[in-house]
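Taken from TrEMBL as is:
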type	residues	note
BINDING	93, 96, 97, 150, 185, 238, 249, 250, 251	Mo-molybdopterin binding site
DOMAIN	112-267	domain 'Oxidoreductase molybdopterin-binding'
Ligand SMILES: Nc1nc2c(c(=O)[nH]1)N[C@H]1C(S)=C(S)[C@@H](COP(=O)(O)O)O[C@H]1N2
Ligand SMILES: [Mo]
């Protein structure tokens, strides 16, 4: 057992949606604490009542980056087995800014993807902000087929479009003293009602070491299925680090900061006994509440064995050579 002194709310769950169950319980507790015991009865309704009453979003103007798609496929990044159908992928997502259900594509239509600026801050030669379309102009887009593995033991196979994170690092010009690249999602509860609830600390934050960020596999995603990225998949800019559990792959990024200290990341801050900074995929290290030995391939009847580093060990195992193994895989 990895977890010691397990808190009372972290009871074993074998539910198909473990995060959902877990977080509902957390939200009730946090809501009660924040609002006071007297409002206990209304806190859950407040925290979870969005989605139905929200005004429908006005239709968007055509995506100004549409002409960049489809981008040329990079044949170096292949998968075995079929790509997950687009319709399946966009109906099974984790995007807690729009609720803890897997079916948030409609709720995510509230996300406004233009205008969109990305800020570069922290240990950089010169802090700057750039509009997403100017950033896209400075990059060469390519398509890569990647495996995608959520910590909840489900998997997909996704045709992402984007550019190596390394290109973004070159663009940002971090100082030699930078050791980590920190990525943040937007924070705007009007645009993302999930941010009004206490489930996670907002904005969603993730990070990589500079060695991880500049590894060729680390990919900045701007599109999928030969088109600009659907909102529910984290438009207009999200990370894909396929050797790590999906929660590392932060969506809808507005800020990239370079630091010399390991950042406190969203899931690790919420439940450090269950989620860590490294989160590398490993079939032999169970999550405290479920096994990681196999994974469900969404959209199929297939449950296949999980693979160390999600099959990308050849590219990334050397990043962790000589490091203590105990925290690398959660
Ligand atoms: N901002 C933000 N990023 C996020 C999440 C989230 O809830 N909010 N969920 C993470 C998790 S747990 C996973 S598995 C992937 C899901 O990506 P997908 O919906 O494209 O499959 O996004 C990750 N990035
Ligand atoms: Mo996930």
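Each Cβ is built from the backbone N, Cα and C atoms, and glycine gets one as well.
TrEMBL feature annotations superimposed on the structure.
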residue : record                        : Cβ within 10 Å
93      : Mo-molybdopterin binding site : 23
97      : Mo-molybdopterin binding site : 28
185     : Mo-molybdopterin binding site : 25
249     : Mo-molybdopterin binding site : 25
251     : Mo-molybdopterin binding site : 26
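Those residues noted as binding Mo-molybdopterin (93, 96, 97, 150, 185, 238, 249, 250, 251) have their most widely separated CA atoms at a distance of 18 Å. Over the domain 'Oxidoreductase molybdopterin-binding' (112-267) the predicted model carries a mean pLDDT of 98.
Under DSSP, residue 185 (Mo-molybdopterin binding site) is assigned to a strand (E or B) in the three-state scheme.
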